[in-house]
Amino acid sequence: MGKVYVFDHPLIQHKLTYIRDKNTGTKEFRELVDEVATLMAFEITRDLPLEEVEIETPVSKARAKVIAGKKLGVIPILRAGIGMVDGILKLIPAAKVGHIGLYRDPQTLKPVEYYVKLPSDVEERDFIIVDPMLATGGSAVAAIDALKKRGAKSIKFMCLIAAPGRVKAVETAHPDVDIYIAALDERLNDHGYIVPGLGDAGDRLFGTK
């Protein structure tokens, strides 16, 4: 059964405040998203299995622990999810990176899949799907659907900000997926944006409107 984790780490909350601030410029916004992604990745990888190996320090031989050969994959939902990838790869540089392209139909607010590119060994990998926002929940559900349809067995979802009621929608659709969130906000407005949120994450990351 999947779980929902909301991070209350002071560094994450501090940086998230400046990510939200409308006066934060594109360069600083990118850097902050990258930093928060790294901090969240530290927590999300807490359950990685370890195995013992023998090494030799400058002083003596010793038994030490390393990650037990786990294959990981990071899957950003285009385009805003790209801003979180490098922060995660700083901690797990051997992870493969795939991409899922979804856009939200402005009329129906439902996701439309337009691009999927994944590592060839999908069934063997533990995947982390990343997207700064979990608003309606439609994109998260569609991205998880896309991975499962192609054989993925182990999936986690990670976002910066989520709307409370919509987290439940993802849980209901995919009860086996753990969800990791930096902040739960108040609600969605009539246009499907999270309030207070941070605006359009893609536009703020890439300097577009």
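Every residue gets a Cβ built from N, Cα and C, even glycine.
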> Of Arg46, Arg63, Arg79, which does Swiss-Prot put in the 5-phospho-alpha-D-ribose 1-diphosphate site with Arg104, Asp131, Pro132, Met133, Leu134, Ala135, Thr136, Gly137, Gly138, Ser139, Asp200?
Replying inline: Arg79
>> Same chain only, sequence gap of 6 or more: which residues have a CB within under 8 Å of the CB of Gly199 (uracil binding site)?
In response: Lys22, Tyr193
>> Whole-number answer please: how many Å between the C-alpha atoms of Asp131 (5-phospho-alpha-D-ribose 1-diphosphate binding site) and Asp200 (uracil binding site)?
In response: 12
> At the Cα level, what's the spacing in Å between Met133 (5-phospho-alpha-D-ribose 1-diphosphate binding site) and Ala201 (uracil binding site), rounded?
Replying inline: 8
> Counting every protein chain present, what is the number of Cβ atoms, excluding its own, within 10 Å of the Cβ of Met133 (5-phospho-alpha-D-ribose 1-diphosphate binding site)?
Replying inline: 25
